[in-house]
Every structure is written in structure tokens, then in C-alpha cells.
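What follows is a short report on a single structure.
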Amino acid sequence: MNPNQKIITIGSVSLTIATICFLMQIAILVTTVTLHFKQYECDSPANNQVMPCEPIIIERNITEIVYLTNTTIEKEICPKLVEYRNWSKPQCKITGFAPFSKDNSIRLSAGGDIWVTREPYVSCDPGKCYQFALGQGTTLDNKHSNDTIHDRTPHRTLLMNELGVPFHLGTRQVCIAWSSSSCHDGKAWLHVCVTGYDKNATASFIYDGRLVDSIGSWSQNILRTQESECVCINGTCTVVMTDGSASGRADTKILFIEEGKIVHTSPLSGSAQHVEECSCYPRYPGVRCICRDNWKGSNRPVVDINVKDYSIDSSYVCSGLVGDTPRNNDRSSSSYCRNPNNEKGTHGVKGWAFDDGNDVWMGRTISEDSRSGYETFKVIGGWSTPNSKLQINRQVIVDSDNRSGYSGIFSVEGKSCINRCFYVELIRGREQETRVWWTSNSIVVFCGTSGTYGTGSWPDGADINLMPI
């Protein structure tokens, strides 16, 4: 090869290499520009349209680092669209209930700063469960805990902690309340908080940490609400509220709330005579509540709420094994689905039940006359057959020698079905335990299971003689 040919060959190779390098630089530039603009766009899986990221609620700010030769590009991954909960999955098929959580608040109060509380409940957002309670504005080892048996004071606040975390001094006080309900619509928490004078109380509606709406007492006689979770379906949350006599005719209303704003109010209709402290659960496309009749019945009222047209119906649980306390013994108790049974109807306790086809799962105190012990069972035909009494799958949650209290339901959405869970309030202190001057509680929580399970008893467990007076 002569010198001229060598020069031409070297030049051709150099030109080829230069061209390749030029094309690579163009590719890097195009990639950089594309990724820069795509960080502001998300593909919508519904219709393949491009949607801006900014209006979407970002739960986690994730950054992916992409390396191309010597160029570093930061690409923001668009978060999953947060949607309202619709609770359209079927209810889980269960054989009974398994232990889930216990906070041991009273035992811990013997040596730590734990809030004095009552009226606890549990509710979950799409990713985590929380426990709530109405605090008394004091810790247990504090002279302000004297005489905390009283239900309604201006110092009571709604407390919120992750489930299983006792209400310590760092606990968040969500709102001022001596009666409350809370629920998560898929986007944010709604808290319904009642406080004020007995004859002129106020219910505040707090959504996503902001006060959005309020309503005053309509019967001037202790406006009150559920003391357990409300339910939201497709952005509409329902809460049952009562104002009026605790031992006679009262005025119950069902409020429909969207992002904290009251959009409709429906009066109670149907055959229920007295409704308080409802334990509600989603029953798509509506909401179903099992409540307390504090006037005429030891059988529990049922309130069915139509979220679409705001209509209400009510009746009573058909099971002849009734759920309230006090009540007749199981041989003489009765319920015929439509009306209160007029059996030891005065007084009562918050409780729960839920339908399972024609059957009903329910919980109640073991004692027929006091808030002692706690049991659950299934009544065959208990949802559809008047005075049905065939009981199966009975479990003892708290033995009859130990105190219980309020109980309520909450729902947890799984991958394929909606599970029902319940909590039991374990009251300690006054009135029964007069060595101390305070009244407070801990909780135990169980959830439905399709598996097998054993036996036990899960009382509060604190030795009252070791507790601060």
C-alpha cells in the first residue's frame, strides 16, 4: 500500500469513528431531553392519555438514577393515582377470629406516662391501622385523673396512634371531643368531633387536617355519634348521630359527608325505636350499622344506609341470642327482626354484629347484667330467621371474671376480600374498683380468620393494687 492509500484509509477510519461519536452524542442529547420532559407526565392506564403529575397526591417521592456514559439524569417516577375507596370486594369467609393486637395501656401506666382514656376504637387507612380513644386531658399517674369517670368535659380530646402503640405523652390530639368517629376515604382522614355544653354541643368535621364544616345540636340534649369508625364509599362518608333522650325518644340523623363537607342529612326511618353508638361496616354499595337501643330493646337495631339516594331503613337483628347488656338469659330472650323486644331495654353497651348470608356473627359480654367477660359466636339463621338461637363457633375473648366494656367493628380490605375485625374496651378503675379514683381502659383486637385457632383469655391484666391511686 503506497503512502497516499495509507492516508486515505486512515482518514476514512477517522471519519467513520467521528460520525459514530457524533451520532452517539445526538442519541444522548435526545434521551436527556426526553427524560427531562417525561418527568412531568404520567401515562393513564385507563385511556392511555398523558396526564400531568402535579395534581396527583404524591405519597412517596421516589427518584431513579439513570446513567448514560458520563451523563447523570434524575427521573421522577410518577406515583400511583390515589383513589376513593369503594369497598366493592366480597366479605371474607371466616371460621372465627384470631388475636391481632393488645396495647396493655393500664399495665404500662403503673410505671409510665400514659393517657387516661375511654371510648376507644380502631380504623384503617389503605396501608395501616390506627387506634383512637377519647382522652381525659391527663395521664393516669396525675392528680387530674381523679374523677375521670365523667364522660363529657371540655378537656377531652380525640387521640390517634398507630395500632398497638399506647397513648403516651407524644400522642397526637386530633381534635377536641367527648364523642367521635373517624374514617379514611382513600385520600385523607375524616374526623367527626363533638364537644361543648350538653344542651348546645358542636360537631366539627375535620378532613385532611383542616376544619371543613360543623353542625350544632338539633335537640339540645347531648349531641353524640358512633364512638367507632364511620364508612366512606366512593368519596361519600356516612356517620350516624343522635341528639335527644338516652332513655326515651331521640332524634337520630345520618349525615353524608364529602371531603369534610356535609352534603345531605337524612332522618332515621324504619322500625328502630332508639339508636345510639352504631358500629358500621361497608356492605357495598351501601353501609350497614349495628347499634344500641338504650330505651326499649336488648336486641340490637340495624340501620341500612343507601349512599346513592340517601335513603335509610332500620330494623333489629333477628337472632334470639341478643347482643346488648343487660339482657334476659338465652332461654327467655327473643327477637323478631322488626321491633325492640322490650326485655331489659333500659341502659346498654356499645356492641357489634355483622351479617354472613342468612347467619350473623356477633360479640357480647358474657355476663347478662354487667360489663364482664366477652364472647363471640355465629348464629345460624340469625340474620334472616326470627328468634333463631342455634349458636356455633363460640370463642371466649375475655373470661367472665374480668371486666370488658364497649366493643365495635372495623373493616380491612385485603387482596380479594374485606375482612371484619373487632376491638374490646377493657375498662379499669371506678366505679367497680374503688381503691383508685380514675377510670381508664386498654384494648384487645381480633380479626376474622379462615384458618384454625385455639383458646385463651385476654383481659386487661393490671393488678389494681400496683396502680397509682
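Placement of Cβ uses the backbone N, Cα and C atoms for every residue, glycine included.
For the Ca(2+) site, Swiss-Prot gives Asp293, Gly297; the one candidate out of Asp243, Asp251, Asp324, Asp330 that the record lists there too is Asp324. Annotation in Swiss-Prot places Cys421 in a disulphide bond whose other cysteine, of Cys417, Cys447, is Cys447.
Along the region 'Head of neuraminidase' (91-469), the predicted structure has mean pLDDT 97.
In sequence order, Arg118, Glu119, Pro120, Glu227, Glu277, Val349, Lys350, Gly351, Val424, Glu425 are the residues of the chain that are 6 or more apart from Tyr406 (active site, nucleophile) and have a CB within less than 8 Å of its CB.
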